[in-house]
Amino acid sequence: MALPGELWAELPAERRIFCSVLLFSWAVYLWEAFLAHRQRRVYRTTTHVPQELGQIMDSETFEKSRLYQLDKSTFSFWSGLYSEVEGTMILLCGGIPFLWKLSGQISGHAGFGQEYEIVQSLVFLLLATLFSAVTGLPWSLYNTFVIEEKHGFNQQTLGFFFKDAIKKFVVTQCILLPVTSLLLYIIKIGGDYFFIYAWLFTLVVSLVLVTIYADYIAPLFDKFIPLPEGELKQQIETMAKSIDFPLTKVYVVEGSKRSSHSNAYFYGFFKNKRIVLFDTLLEDYSALNKEPAEGEDGENEETKSKTKSKKQGCKNEEVLAVLGHELGHWKLGHTVKNIIISQMNSFLCFFLFAVLIGRKELFTAFGFYDTQPTLIGLMIIFQFIFSPYNEVLSFCLTVLSRRFEFQADAFAKELGKAEDLYSALIKLNKDNLGFPVSDWIFSMWHYSHPPLLERLQALKDAKQE
């Protein structure tokens, strides 16, 4: 009787590759499901405010956040299971070669034969992203209009949601298709060192997109307005000048059109930095804190206006503390370090792709017996073959991110913002219904930011000093 190891060794290389990809995918899913189960158990059993949280969180908010996170976790379980089953069925039923063949037929009808591989690749990419958008639509609708609506975060109407979804799809294609076509062309004409040229091209594209995103892409979806002249703007400019941050503009984005979640970020390179504040972060500017004007029914054709019994957002001093944390990432070089790590990883992946692209068994494993399209090779190698490496890298980056967050908090402390950041973190956790209790393994694996209690303890120690 043959042992499992012997049977495995007798399988053709392409079958071992295919089975390994499926097994690893399900192993990752089961690991994630196990961690999520542990965290849901925390949500279900921690029904009272722990003693150490008594001074910073009331029982009503604690219960709201517990129920919100429990609903999100349950939704994530079912959507994740669907995604895993869908991906498995696509692989088992030959969905990828079928879609490639279909894209060839479509491009052929348009007058482009098999020699036009890049055209066929773009049709394939368009069909694949369309399929993904359609199958993901019900889950997105449920998340927005059931879960987020139930817990008071959704500010969109159904019409605005679909308008937004169509706009996102069109903008994505306008960027994705030209970039992909140029990348495929570079790979084809690049010779033995194509991986260097491909890496340099993706580096330039990523830098350009980061530079133009907030000025030209984000305004297609949300309204950006300059922060009005006043005390807050003056204080932001003063703080930026004190740490030599080359600030040129400060914007407020109407994030409350779609959600009451809050955020802030900066962008730009060299001497041209901008800060963007979500209106939901600012107590004085948030539309959610304003009563509807007389004669308004509280809802227009795109968004909803919901009044709350308690104000959302932070006071000016707390906003400055949050920005002190964000600017700490810049001052301490976290942004540059992340870019360097990302580009080192990108170069390594392109180099390994160059090594593996000639292996015919990688293509036959996924149903491509007669052709070896470059786009399919990119998909197989980057998405499937590199998946173990990607999981390890993701965990390492999560650990590094938590370290960076503590360092940014410490920088804000050095600016004298410890007390204000302390209160801002509590307010933001409350506004976003963050649950401050977590399973340690789940937290270690998933949380790119340290748990709230750990951040508050570090800031509390600083305040006492």
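Placement of Cβ uses the backbone N, Cα and C atoms for every residue, glycine included.
As given in TrEMBL:
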| type | residues | note |
| --- | --- | --- |
| TRANSMEM | 15-35 | transmembrane segment |
| DOMAIN | 39-223 | domain 'CAAX prenyl protease 1 N-terminal' |
| TRANSMEM | 118-142 | transmembrane segment |
| TRANSMEM | 169-187 | transmembrane segment |
| TRANSMEM | 193-214 | transmembrane segment |
| DOMAIN | 226-461 | domain 'Peptidase M48' |
| REGION | 291-311 | region 'Disordered' |
| BINDING | His325, His329, Glu405 | Zn(2+) binding site |
| ACT_SITE | Glu326 | active site |
| TRANSMEM | 347-369 | transmembrane segment |
| TRANSMEM | 375-400 | transmembrane segment |
| ACT_SITE | Asp409 | active site, proton donor |
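Counting only same-chain residues 6+ beyond the ends of the transmembrane segment (15-35), those with a CB under 8 A from a CB of the stretch are 8, 77, 80-81, 84, 87-88, 91, 361-362, 365-366, 384-385, 387-388, 391, 439, 441-442, 445-446. The most crowded of the recorded positions listed here (Glu326, Glu405, Asp409) is Asp409, judged by how many other CB atoms sit within 10 Å of its own CB. A simple way to gauge crowding: the CB of His325 (Zn(2+) binding site) has 24 other CB atoms within 10 angstroms, across all the protein chains here. Panel annotation: around the transmembrane segment (169-187), residues 117-118, 121-122, 125-126, 129-130, 133, 194, 197-198, 201-202, 205, 209, 217, 220, 374-375 of the same chain, lying at least six beyond its termini, place a Cβ under 8 Å from a Cβ of the stretch. Cα separation, the residue listed as 'active site' to Asp409 (active site, proton donor), rounded: 9 Å. The average pLDDT for the domain 'Peptidase M48' (226-461) in the predicted structure is 85.
The record gives His325, His329, Glu405 for Zn(2+). Within 8 Å of the mean position of their Cβ atoms, the other Cβ atoms in that chain belong to Glu326, Gly328, His334, Phe404, Gln407, Ala408, Asp409, Phe411, Ala412. Counting every protein chain shown, 20 other Cβ atoms lie within 10 Å of the Cβ of His329 (Zn(2+) binding site). Distance noted between the C-alpha atoms of the residue listed as 'active site, proton donor' and His325 (Zn(2+) binding site) is 5 Å.
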